[in-house]
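Presented below is the structure to which this report refers.
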Amino acid sequence: MKMGHFEMVTTLLAAAVLMDIFQVKAEVLDMAENAFDDEYLKCKSRMESKYIPQMKREEWANDALLRMVWDNAEIQWEARKAQLFLPRNFKDTYGIALTAYVNEAQEQTSFYHTFSSAVKMAGLSRRRYIYNFPFKAFHFYLVRALQLLRRPCEKSYKTVVYSTSPDISFTFGEQNQARLGNFTLAYSAKPETADNQRVLTIQTCFGVAVGKFLNKEDDSVVLIPLSEVFQVSRKGTSNDLVLQSINSTCSYYECAFLGGLKTENCIANAEYIDPRYLYNPDMDNQKLEDSGRNNLDPDRMPEIKVLQTEENPLLPDEKPDRSRGKANNPTPGLVPGPKSHPSASSGNTLLPSVMASTILLVASAVNFIEL
């Protein structure tokens with residue numbers, strides 16, 4: 001029987017839809033340029049004191065699932081924190097965020113997938129982060145937790161951990177460097193995999209042992225930050241990949257909420273070169289640990305520039321630091337409040353009024369002319 005034009009078109013469309021549904025898309029291992037990777041190194045104090053609290057109130061009010069995940073993690077954190085050695089400046093909000101994330105990632109919950117998908121794409125542009133990333137406070141707390149819990153590289157690097165990914169691909173070229181592009185759980189036990197899975201053998205400098213946050217007494221589970229840079233190689237003749245940390249993180253964003261624009265290259269983040277005290281309120285003995293990161297070699301990273309850490313943040317009404325490279329996207333205007341744009345997690349009170357600044361400038365000019 002001859003098929004009519006309409007039936008043929010319908011059949012082809014149905015076939016295309018089915019192919020799209022059942023097709024397994026390969027995950028590309030690269031520098032993850034679209035991931036939101038702000039480390040807040042120049043503005044962490046200003047962000048936490050002036051902006052993060054309001055973001056938290058608004059984001060928690062707008063997301064019942066986030067609120068439930070946070071409340072459950074807070075109960076677990078309160079029960080565990082007395083058993084942990086923690087830096088003196090490690091805050092409860094950091095511990096709750098870390099507890100929440102590792103629990104959700106371990107269980108592969110809907111919150112984990114929603115948050116991870118949002119992080120992977122929020123770095124497309126600063127505008128995307130400002131208007132379409134409803135996890136600004138949670139991301140900040142999680143980043144700060146990993147920063148403060150990092151160990152010296154010689155301690156974390158010697159532990160090999162493994163992660164699996166379905167049909168991940170990597171294109172070998174001149175540099176062969178990559179970032180995982182998300183907050184990734186890895187395990188000390190090599191997993192059994194199916195035929196369509198690759199094993200990533202990882203040696204990390206910035207991964208944090210989070211077993212105790214999962215009620216485990218060992219360091220068998222490690223959480224790796226999305227900004228850590230790895231040298232990638234192939235393991236023998238297999239398709240499995242070996243990721244060896246170059247002892248550096250890099251970011252395309254720095255203080256994005258305060259005006260920092262996306263850079264053309266991934267900028268290496270300088271680490272703090274100061275000791276930190278690990279503190280447990282139930283124990284008198286303090287353990288002093290050196291950060292162990294005083295040798296960042298920019299020559300090993302020809303495409304990565306080094307950003308010096310300093311506590312001299314951008315003011316909201318200042319222009320972004322152009323030394324981080326030419327921005328790919330223009331700075332968006334004022335961030336609208338939740339009433340006018342529900343996906344923006346910060347209200348008008350967070351950023352100064354352009355009109356007010358203009359009036360001040362005009363008034364100053366008039367006074368100058370009169371003088």
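Glycine too: its Cβ is placed from the backbone N, Cα and C atoms.
The model shown is predicted, which means the values in this text are computed figures rather than measured ones.
Taken verbatim from Swiss-Prot:
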- 1-26: signal peptide (SIGNAL)
- Cys43-Cys255: disulfide bond (DISULFID)
- 64-250: domain 'TR mART core' (DOMAIN)
- Tyr101, Asn182: NAD(+) binding site (BINDING)
- 306-346: region 'Disordered' (REGION)
- Ser345: GPI-anchor amidated serine (LIPID)
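Take the CB of Cys43 (disulfide bond) and look out to 10 A: across all protein chains shown you find 25 other CB atoms. Burial estimate for the recorded positions (Asn182, Cys255): highest at Cys255, by number of other CB atoms within 10 Å. On the 0 to 100 pLDDT scale, the domain 'TR mART core' (64-250) averages 91 in this prediction.
According to DSSP, Tyr101 (NAD(+) binding site) is assigned to a helical segment.
Distance between Cα atoms for Asn182 (NAD(+) binding site) and Cys43 (disulfide bond): 22 Å, as a whole number. Secondary structure at Asn182 (NAD(+) binding site), taken from DSSP and collapsed to helix, strand or coil, is coil. Here Tyr101 (NAD(+) binding site) is positioned 23 angstrom away from Cys43 (disulfide bond), judged by their C-alpha atoms.
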